[in-house]
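K.L.:
The structure that follows is given in the form of structure tokens.
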Amino acid sequence: MEASRVKPGFNGVGMAAGSVNGSSRRPGPGLGYGYGYYMGSGAAAGGSGRAAQAPVDGCSVALRVFVVASTLVSAVVMGVDRQTRTIQITITDALPPLEVPLTANWSYSSAFVYFVVANAMVCLFSAAALAACRSRAAMVPVMVGDLLALALLYSAVGAAAEFGILGERGNSHVRWAKVCNVYGRFCDRAMAAVIVSLIGAFANLVLLMLNILTIHKSSSYY
């Protein structure tokens, strides 16, 4: 009778061994104790590390580099733009014309100063965003910054272009004479800087649209 109580597979040694083996198999990764628990925590840590890094899109990186380069070139070209010309002023017909050196400088125009500052700020922001392109937590702040940078660039381009057109054509209503016929090189450089900055602003717009599309695709609500 005593021997029948300790049959293998029932309340005896076999059942105890089976229970031990079963307990060692049941705690899966991250669910039980011992080795399975540590493996689970390691996998979770690896998953969290991978989740903290966003996948890098080659097209977005290329656009970001182009925005950095275009805004840097625009700020530098406009920042060094100046030209000095000697203007002949006739006081009376009896006297020879008076030669006066006059200088056109970008710092004389508030629109051009705003243009240089705006492009420099966007260049610095885009460089910082390029350095943080692998951080998933920085996606939304960078997207908001891109939106502000886009508004800043377009406003600066509009202000500089309006002042450039005024120098190219003048304004007959207020009797403002055109000056680009005298300072041709100055106006050409300013217009080149405005065009490059406008192309950079368009690239920033495309980049912002790509970021919005990426967040839309990765959202769990859609």
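In case you wondered, yes, glycine gets a Cβ from its N, Cα and C as well.
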K.L.:
Going by the topological domains annotated in Swiss-Prot, do Ala132 and Arg185 sit on the same side of the membrane?
P.N.:
no
K.L.:
So which of Asn21, Asn105 shows up as N-linked glycosylation site in Swiss-Prot?
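P.N.:
The N-linked glycosylation site feature in Swiss-Prot corresponds to Asn105.
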K.L.:
What residues elsewhere in the chain lie close to the transmembrane segment (111-131), defined as a C-beta under 8 angstroms and at least 6 residues from its ends?
P.N.:
61, 64-65, 67-68, 71-72, 74-75, 78-79, 81, 138, 142, 145-146, 149, 152-153, 155-157, 159-160, 162-163, 190, 193-194, 197, 200, 204
K.L.:
Would you mind checking how many other C-beta atoms are within 10 angstroms of the C-beta on Asn105 (N-linked glycosylation site)?
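P.N.:
The answer is 12 other Cβ atoms.
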K.L.:
For the topological domain 'Extracellular' (81-110), find every same-chain residue at least 6 residues outside the stretch whose CB is under 8 Å from a CB in it, and list them.
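P.N.:
Distant Cβ neighbours of the topological domain 'Extracellular' (81-110) are 116, 163, 179, 182-183, 185-186, 189-190, 193.
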K.L.:
Counting only residues 6+ away from its ends, which parts of the chain sit with a Cβ under 8 Å from the topological domain 'Extracellular' (168-189)?
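P.N.:
Residues packing against the topological domain 'Extracellular' (168-189) from afar: 77-78, 81-83, 85, 87, 104.
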